[in-house]
Amino acid sequence: PRVCVVGSGPAGFYTAQHILKHHGAARVDIYEKLPVPFGLVRFGVAPDHPEVKNVINAFTQTARSERCAYYGNVTVGRDVTVAELRQAYHAVVLSYGAEDHRVLGIPGENLSGVYSARAFVGWYNGLPENRDLKPDLSCETALILGHGNVALDIARILLSPLRLLRKTDITAGSLAALASSKVKRVWLVGRRGPLQVAFTIKELREMINLPGARPVLNPADFTGLENAIKDAPRPRKRLTELMVKTALEKPGEKTAEVQAMVAQAAAPREWGLKFQRSPQEVLPTTDGRQARGVRMALTRLEGSGDSAKAVPTGDVEELECGLVLSSIGYRSLPLDPAVPFDTQRGVIPNSSGRVEGVPGLYCSGWVKRGPTGVIITTMNDSFDTAQSVLEDLQVGVLDASTSREGFGAVESILRSRGVRPVSFSDWEKIDAAEVARGKAAGKPREKIVDPQEMLQLIGH
């Protein structure tokens, strides 16, 4: 059987890996619109979290299998349609992720100085489409809307000492911009309370221990939470206890952590969490062009736990800032009119990865279940879809006895449209060049951010 996977991020690679491992004869072709593979592992994971990128080693093993092939620089839906792929393969799995961001839907969100978290992360991680972002870092206060790990990543990158960032694979351009940044205060704002934050304890602890930056948490936000967390699941309990401890601890209780906090009290930079505030409008400067602050509705919570809803109280507050980053989630987009798409939920309607009403078409990852979870969540989800493909092959829902040409058929379509795919060995040349450039600068790699430069490098 010939299987095609669209998207080379974790969802695509884990789907391919599972099919190859559990079917001794299957061949899997992976298509990717960029010349370079690995999706959010390359373009989403923070530069100072290199250990999270180790999954690339396993993905590389999969790509090097003689039953697997990688075709980069091919945009499905434009260079080749899903219908054409379905003609060429026994099964097609869509694993192309979430390439857009959720909008705030408030006045002023298009002012200069307002950016989506997705674009900002793409900028410092070398995502080609964001390479020219040029965020304005000339203000002292930045406001991040959202209480997830991506929001903490951005705060950490904005406030990290340069000596720490210089050793990472952050792009040269963003490192230079951060070197002259004036940002010294970052507020992370959420609509709900401390019990509803979406970040995890590891990321919070890393932020609290960030050298040269002190946490500013308002003790009033955390009073009375001890009772509320008694019955909370352990991860939520530990996370809340860490916030409470950071907010309430007095200098003088000389634990090692407190000594660190005392040292940080003199820190030139600071960050804090603000709760129960919902953005109403980004406020413009007098010339009407730049963001100068955000007006927020104060909220109260109805209900408790994860299902608590934030309801405006009628009171408002203005926070001054020159940089606004909206980190309220990513969003999948429809790829091809031939594929059903639920615009409300931003997913392809499916059951266990089988696309509703289109036999032989599957989906995995964020486009299947929505843009949530970490790499391990995506791994399990992709194995689930791969299992559906294997079952359908086994019971004959997918007829593997009819021969399909696979890439042979696609190659002639691409050639007729003037598209030259990038192979995995081409990528390995780009990879080697990046690592060599990084070595010269004392970094793990220096990412090439221009796709044209990548293609020149491999002689395309």
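Every residue, even glycine, has its Cβ placed from backbone N, Cα and C.
Predicted, not measured: the structure shown is a model, and the values here were computed from it.
Look at TrEMBL and you will find Ala11, Glu32, Leu40, Val76, Trp366, Gly373, Val374, Ile375 tagged as FAD binding site.
Under the heading NADP(+) binding site, TrEMBL lists His147, Gly148, Asn149, Val150, Arg191, Arg192, Glu203, Gly373. Cβ neighbour count for Arg191 (NADP(+) binding site) (all protein chains, 10 Å cutoff from its Cβ): 23.
Taken as a whole, the domain 'FAD/NAD(P)-binding' (2-158) shows an average pLDDT of 97 in this prediction. Per TrEMBL, domain 'FAD/NAD(P)-binding' is recorded for 2-158.
When each of the binding-site residues Gly148, Gly373 is scored by how many other Cβ atoms sit within 10 Å of its Cβ, Gly373 comes out lowest. Here the binding-site residues are Ala11, Leu40, Val76, Val150, Ile375, and the one ringed by the most other CB atoms within 10 angstroms is Ala11.
For the pair Val76 (FAD binding site) and Val150 (NADP(+) binding site), the C-alpha distance works out to 28 angstrom.
Put plainly, the binding-site residues Glu32, Glu203 were compared by Cβ crowding within 10 Å, and the winner is Glu32.
For Trp366 (FAD binding site), the spatially nearest entry among the binding-site residues His147, Asn149, Arg191, Arg192, Glu203 is Asn149, judged by CA separation. Taking His147, Asn149, Arg192 as the binding-site residues under consideration, the smallest Cα distance to Gly373 (FAD binding site) is found for Asn149.
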